[in-house]
Structure formats: structure tokens, C-alpha cells
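J.: Here it is: the structure, laid out below.
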């Protein structure tokens, strides 16, 4: 006879990491709801958990010192240094791409005036450095993520997921960009040349194999979906 049951409760927490002198700590009020849904009458009751967070200042305060205030300031200074470094890198890489585009345009015009032939698209891409594009993307994501991180530290935002996605992805791009420096060594340059030569073929293979994997995924979702949540 059970159709639906909801259990609601509240939890409270206190954050002491960002306390400044003569400042109240943050009190978090979590409004939690657990829902048991048996409307399908399938023999297994589905459970859902929902949580809403409200940040407010605590009412009573008994603060004697602020140990972590200097650490918070050091982190904010470090974030500002990261933003300035990424901004400088972004400007320099953008300047390099603009200069390469101008050189490519001059090359196309010279080739047409000298030999009356058009330069193919693949040859034009030789002027575009893909590593610079990767650095620009990582710099933009690092700058936005660091700004969000500073706002979170200042208690103005709570966009933890967006901040972590931006910083995590930019870190991945930075470490991938380190591979290009291995190209200066004759021994490790084999990896770079192999990746450059095989990347188009690997991408074509992934497109063809992706159709099979996609069909397999939909088949498992349709056949096994009613019996298991995963």
C-alpha cells in the first residue's frame, strides 16, 4: 500500500577555516529530504536524496584567535600571482597566433602571385601551432577558475563544481602541454612524431569504432536498464 514517503530533517555545521579577527564564523544549514517512491510498484522502492544549503552568520560567537587568517591571505596572493602569470601567457600566445596568421596570409598571397596556385588547407594549418591553442584554452580556464576560487574564499560564491571542473581541466591541459618540451630531445621526440603521424588515422578509427560502442551502450541501457540502476 506504500506509494510515497518523505523524510525531512535539518543539519547544522560550522566552518572555521576562514575566520578573520572579530568576525563571526559561517553556519551552514542543510535542509535534507529523503524520498521513497513506490509509484511504479515494481518490487523495488526507489530512493532519492535532496539537499539544500543555506549559509548564514552564527548567532553566538566565542572566538579567541584567528590562526588560519594568514594562510587564507597567502592563498589569495598566490591565486593573484597565478592569474597574472596566466594572463601574460595568454597575451603572448595570442600574439604568436596572430603573427602566424599574418605570415600565413603573406605566404598564400606570395604563392598565388609567384606560381598562380592556391595553397591547400592542410598547408595553411602548418602555420597554426596547436600547442599555443591548447595553452590559450588552459590559461582562460585557469583564470576563470582562480577568480571563482577567490570569490569562494571571500564567501561571495558557492560554485564549487564549476570551479573544480575549470581548474581540473586546465591542469590536465597544462600537463599535456608539457609533452611538447620533450620534442627538443632526440630520444623522446619519437613519441611526438608518432602522435603527429597517427593522430588523424586514430581519430578516424575512433569515429568508426564509436558507432559500435554507442550501439552496445544503448543495447545495454534498454535491455539491462529496468533491472539495475547503473
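A Cβ is built for glycine as well, from the same backbone N, Cα and C atoms used for every other residue.
Okay, so TrEMBL annotates it like this:
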type: DOMAIN; residues: 1-59; note: domain 'Mucolipin extracytosolic'
type: TRANSMEM; residues: 74-101; note: transmembrane segment
type: TRANSMEM; residues: 131-148; note: transmembrane segment
type: TRANSMEM; residues: 160-182; note: transmembrane segment
type: TRANSMEM; residues: 202-224; note: transmembrane segment
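Mind mapping these onto the model and telling me what they sit next to?
T.: Below 8 angstroms of C-beta separation, residues 127-129, 132-133, 135-136, 139-140, 142-143, 146-147, 149-150, 153 of the same chain, each at least six residues beyond the ends of the transmembrane segment (74-101), sit close to that stretch.
Using a Cβ-Cβ cut-off under 8 Å and counting only residues 6 or more beyond its ends in the same chain, the transmembrane segment (131-148) has close neighbours at 79, 82-83, 86-87, 89-90, 93-94, 96-97, 157, 159, 162-163, 166-167, 169-170, 173-174, 176-177, 180.
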J.: Summarise the model confidence on the domain 'Mucolipin extracytosolic' (1-59) as a single mean pLDDT, whole number.
T.: 80
